[in-house]
Amino acid sequence: MTESINVDVAVIGGGPGGYTAAFRAADLGLSVCIVEKRDTLGGVCVNVGCIPSKTLLHASSLIEHASHGHQMGISFAQPTIDLDTLRTHKQSTITELTKGIANLAKARKVIRVKGEGQFTSSNSLIVKGDDSYQIQFKQAIIATGSHAIRLPIAPRDDRVWDSTDALALKKIPEKMLIVGGGIIGLEMAQVYSSLGADITIVEAQEQIIPAADKDVVQPLLKDLKKRYQILTKTLVTSMEAQDKGIVVSFEGKKAPQNASYDVVLVAVGRRPNTSNIGLEQVGVRVEKSGLIEVDNRMQTSEPHIFAIGDIVKGPMLAHKATHEGKVAAEVIAGLDATFQPVSIPSVAYTAPEVAWVGLTEKEAKQQGIEYSVGKVPWLVSGRAQSVGATNGVTKALFDSATGTLLGAGICGENAGELIHEACTALELGGRARDIAHTVHAHPTLAETFAFTAELVEGSMTDMLPARKK
Ligand code: NAD
């Protein structure tokens, strides 16, 4: 039997973007249903992405910190790793969060529909799952997220992983090849290297994390080079599943000989989930890349249908999706909302972390913007010295004419937290003077951000002034 549901707003996809949109719409007095094919809400981020990866990265950090203790005269025995307990711990973190989201949905009377939603007309959806549903809606928000790109040369074999397989923690491979030196590749390299795997990373571009400035990534690269083989400007040309492992061949100036790996993780980006949802039934415009066209109110070419998150332009990040979700819900409720952030931060939760926001130096150069740079090596920070984090760097770009902050990049312990001072300054149009005059607590790593402004203002005393030429 098919159950009929009639709502103001149907949200397709229960990830961070979708459930946030649904909750905001419900709080604004609309009747809402949320269609999700997984058993739990939270999408990739909570179930098989941001949250499990951060839980495993925390385990990795524990192992790494313990291994450095001997430098202060504190030594621990080699860790023994109980993979079952680690997996259970990771799962319990996910369960706590998904239970919390389910409770929030229930308290708001958001109807949950389990299954895959497909448009059948501009005001109706069918949902196929264990049960089937026919949903009539006045407005809809599409929040179907993205999936990992498969390499056509990769064989279908359970030793070729995507990020979901890596987070499932099936085993610790002895030799692991990671294709893609972006955020997922590097975070998983961090986890599996701490657990004992021998890691090789292949990156097509000339640097890992190509989106960030090279000098900001440098402290991470320096550390990683001691631990993994990193092959930049290198491509994988073939992969063959053999009994002994996945045999891989490479192409590039410094390409190694064919080699065999116990596991190959493919982390070369993600694609939007916009096929098989019946978009052709509603006439929503979709670009060649699969992204849905939207304006800054998150409205598609069909004004009563909205799209948010990984299926629209911009970085594929949960925090972007949640903000877009709120905008979509508010516009539907008749509020005057737009999605126009000055910038969206990116963070690689590696050790050390890399975080950046706003313009990078290479973007400023490409755009012909005149800027001043303040770059502070963490060697000058008392706090960095105390916690053994002197390898870090904080860099900020300021407009030469107005002194306004244009962007910032940080590499070092807690960079992912520290970057938010730059985010707020950017959003508020902060200038070097404002930042330099903001009293920062001593000793903190956050001081290094103030130092970048002091450098540009010429008032920095913890470093020597730039030599006059
Ligand atoms: P990515 O775009 O961050 O990195 C992919 C990397 O693979 C790039 O550096 C690219 O140059 C390289 N590459 C592409 N094809 C290649 C090939 N054939 N051989 C070698 N290298 C190749 O993508 P990702 O790491 O897969 O992450 C997917 C998305 O998820 C991204 O948008 C990312 O920002 C997001 N994400 C964010 C976080 C976080 O915020 N911490 C964590 C995980 C994922």
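Quick reminder: no glycine exception, Cβ is built from N, Cα and C everywhere.
Caution: TrEMBL annotation is automatic and unverified by curators.
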Per TrEMBL, Gly180, Gly181, Gly182, Ile183, Ile184, Gly185, Leu186, Glu187, Gly269 bind NAD(+); matching candidate in Glu203, Glu251, Glu280: Glu203
Selected from Cys33, Cys45: TrEMBL disulphide partner of Cys50: Cys45
Binding-site residues near ligand 1 among Ser146, Gly180, Gly182, Ile184, Glu203, Met316 (Cβ under 6 Å): Gly180, Gly182, Ile184, Glu203, Met316
Distance [Cα-Cα, Å, rounded] between Thr144 (FAD binding site) and Glu203 (NAD(+) binding site): 28
Binding-site residues (Thr144, Ser146), the one with most neighbouring Cβ atoms at 10 Å: Thr144
Assigned conformation of His442 (active site, proton acceptor) - DSSP reduced to three states: coil
Distance from Gly180 (NAD(+) binding site) back to Met316 (FAD binding site), taken between C-alpha atoms, in Å: 16
For Gly180 (NAD(+) binding site), the number of other Cβ atoms found within 10 Å of its own Cβ: 25
